[in-house]
Amino acid sequence: MGVHECPAWLWLLLSLLSLPLGLPVLGAPPRLICDSRVLERYLLEAKEAENITTGCAEHCSLNENITVPDTKVNFYAWKRMEVGQQAVEVWQGLALLSEAVLRGQALLVNSSQPLEPLQLHVDKAVSGLRSLTTLLRALGAQKEAISPPDAASAAPLRTITADTFRKLFRVYSNFLRGKLKLYTGEACRTGDR
């Protein structure tokens with residue numbers, strides 16, 4: 001091995017380390033999120049997490065109210081928004097949702113009886129949100145969100161609270177199926193022109 005050569009395992013390690021930071025990964029297609037199968041995988045994981053909490057009562061309580069994005073979409077208003085405004089709403093929602101899931105993860109770890117299946121889905125949600133953040137950065141959504149045409153007129157993010165893992169996962173699932181899917185669809189269409 002020469003002085004400037006790097007073993008393959010080191011490149012893999014560096015690639016994996018860059019994922020949580022949102023840095024581009026070597027060989028990752030910049031518009032991967034535009035493939036509907038990619039988003040569908042995250043939607044399926046979110047729905048599974050929501051379903052696992054269906055019969056869960058006292059063990060699924062968060063023991064505090066956690067602020068999450070309101071997932072209701074006014075389709076008429078959404079269609080009239082510029083893509084940059086949509087990006088702002090998605091980035092804010094994704095950031096708040098990520099904070100909420102991380103808080104839920106911390107509460108679960110510190111609980112006296114953590115449930116293994118629930119822990120698995122919370123961990124998957126944390127990983128999924130990090131991956132989605134990376135995929136949106138590759139799409140250029142962060143750039144749009146930082147400098148939308150009329151950032152001053154952007155409305156503050158509407159929020160609600162979640163007091164159970166069921167509600168937290170329902171918000172996660174609805175956010176992906178709603179605002180995230182609408183935004184990526186529009187961003188991918190406008191990027192193809």
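Every residue, even glycine, has its Cβ placed from backbone N, Cα and C.
Features of the protein shown, as given by TrEMBL:
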SIGNAL    1-27  signal peptide
DISULFID  CYS34-CYS188  disulfide bond
DISULFID  CYS56-CYS60  disulfide bond
So what sits near CYS56 (disulfide bond) in its own chain, CB-to-CB under 8 Å and at least six residues off in sequence?
LEU115, LEU118, THR164, PHE165, ARG166
Let's check the environment of CYS60 (disulfide bond): how many other CB atoms sit within 10 Å of its CB?
20
CYS34, CYS188 as disulfide-bonded residues, winner by CB count within 10 A:
CYS34
